[in-house]
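In what follows, a single structure is set out as structure tokens and then discussed.
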Amino acid sequence: MFLSSIKKVLVLSVIIIFGMLFTVSSVSAQTEMDMWTFVNAHAEFYEMMAENWNQENPDRAITLNTQVLPFNQMHDKLNIALQTGMGAPDIVDIEIGKFPGILENNAETLVDLSSVIDEYRDDILEARLAPYSTPDNKVYGIPTHVGTYLMYYNVDMLEEAGVSIDDIETWDDYLEAGKKVSKDTDGDGENDQFMLAVPSEEASAFDGMSRQLGSNYFDQDGNVILDREENIRTLKRLKDYVYKYEIADVVTDYHEQNFYNALNNEKYASIFMPQWYMIRFTDFMPDLKGKIRVRPLPAWPNGEGTLSTMGGGTGTAVTQEASDVELAKEFLAYAKLTREAGVKIWTDLGFDPIVTDAYNDESFQEKFPYFGNEKVMLTIQDLQSEIQPLYFSDLLTRLRDQLNEETLYEIFENGGDVEKNIKEAAEKLRAEQ
Amino acid sequence: MLKNLFYNKKVVPWIFITPFLLFFTVFKVWPIVYSAYLSLHEMSGLNTSNFVGLQNYFEVFSDSDFLKAVWNNTKYMIGTMITLIPIPLIFAVLLDSKHCKGKNIYKAILFIPTLTSLVIAAAVFKILLYEGEAGIINTIIGLFGFSPQKWLISPYLTIPSVILIATWRWTGMNLIYFTTGLTGISQELYESASIDGANMLQRFFYITVPLLKPIIIFVATLNLIGGYKLFTEVFMLWDGGASPGKSALTMAVLLYRTAFSYFELGYASTIGFVMALIILVLSLIQLKITGFFNEEE
């Protein structure tokens, strides 16, 4: 009696399972793909690109299910999903700072995208692939933007101090201009209007200047080069701006409302950040409309280094769990590397694309009232040839934490010794290697 | 046969608690056992492990970040002992007084912070504690002639800022514990003490405090455990717990980032075990000192 009922259950479940298999195979004309991201606008962008793809490739149509998760949660969840081999999406946006760590632990669960990238290699800024590549030239992420480093000048403040921004060619010129514009406005004996703000809890300023010199955190093989002479020189210069010349103020970071307010209230005459900071200006600093000009970074004296570099970024990856790996790869390349995609990355997301040809589209001729009616994207186009590759290692997160919480804080907030602090940090990181 | 099984007094209880035991084993016992295993290994991700014996444990005690974290936790714990026992106790006594009108309204006001989401509370405090002159708390202390403070930036003020939030948040909860304790003290004791000439302060120190001792010990133990487990406040106040000069780095934050940012699950498990050990030992010492284990007289 008992046994026969077990048999019945078994037979029934077999029927149900086969039935399900049948329905799935008969319905799936479109391939379902899950995608995770931590930015709403990115999700909308990929959905739009999926629609375009479906129109052009009706026989290989996809249904893209995007899911937007909070930054840390998404990366933690992804890491666990990849490690356990369960529940990872087909396609995923990974922030550049998280990328090396996730890649190190999951290289076999992410897909090498070189085969689809090769087709576009000549049409894109190849240097931008470096942060998402391994030393054996496998590429695991497709970049979203270049993040061209730019100087944003408040031209009103500088003109009032008698400085013409186009006369600023080197960091020495920048310092001289800074001396003119920085002043004590309320008569308490301390400057309260500055040329610049240096952040003590993020590395943006250090990154921009040291990368101009082809230096930064790691060399091509992933060795820590934090205490290289170029980096020490960069930090000393920034520290002198704060303590010796008093043309720079120390802030925590560039990404909070209080800082936006300070910029908006004309406390700082300039800031250098990647191209995507344009969006922060237009979104959070309405009073600066018409006053901001976008220029290349000042050059290092003696003609050393480049006029720009890259900053920030998101690499989009395909996982081995994808229902159709080849299709996912092709769609991703289509959504990010075609000329059309490059144009949309600018028009819809507001980023400087890595697709070189996209810059010839007429939408890049746009004049911005906010930025003095200048054709900003053409300035950026001219800087593309200045951008050199940048290398990371899986120690990146640790290194960033070390810089943001201790080293930069010690140097800028407490006026600590540059060489001592940076050497200590480098040694500490090498011990983890 | 099945029927016999259900009528067997030895077997049936086990059948009933099986679901609980199953969940308990899978979600509580197994993770502990597994993390004990992990703590003896050097892990690279989840899949590759390398047995290193007790090396992680030796390492933890010479890890400057960990020692800093223990010290930060200790400072925070001491701070909450100073604020979170006397303040709720005084409120409880005041609210217990028969001269107090509208008790429930006050209790509700004091209890509301306990119910708010810590994530939102931290976001609000971030604005309140803004370091500029325009910061709300800086404006308030400015009224008393103090200069603006860099609350969340100066290493000397980070832990006090967290204590401030904890005090705001947990006063209501501890108030409930103390109020409940107070209702257990017979009014006759106070009356007879009054007749014998004891003033208000004497009644407080010689009747209220001694009779509330079990509750005070309970609250102090909760403070101690909470103090060493501190995570969310720090994680939210400084994005991902990145406090200036690591001045508010706590053991739990260090554990979290070791596991999920640096992917060193072995070492993170070790931190977890040492953390549990510290809490256990200190709680036992505290309970011993306060006489919790003494036989009832």
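Cβ coordinates come from backbone N, Cα and C, glycine included.
Feature annotations, reproduced from TrEMBL:
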type     : residues  : note
DOMAIN   : B:70-286  : domain 'ABC transmembrane type-1'
TRANSMEM : B:12-33   : transmembrane segment
TRANSMEM : B:76-96   : transmembrane segment
TRANSMEM : B:108-130 : transmembrane segment
TRANSMEM : B:150-168 : transmembrane segment
TRANSMEM : B:204-228 : transmembrane segment
TRANSMEM : B:265-285 : transmembrane segment
Paired segments the transmembrane segment (B:204-228) and the transmembrane segment (B:76-96) in contact, 3+ CB pairs under 8 A: yes
Proximity of the transmembrane segment (B:150-168) to the transmembrane segment (B:265-285), 3+ C-beta pairs under 8 angstroms: no
Same-chain residues at least 6 beyond the ends of the transmembrane segment (B:108-130) whose Cβ lies under 8 Å from its Cβ atoms: 91, 136-138, 151-152, 161, 164-165, 168-173, 175-176, 232-233, 236-237
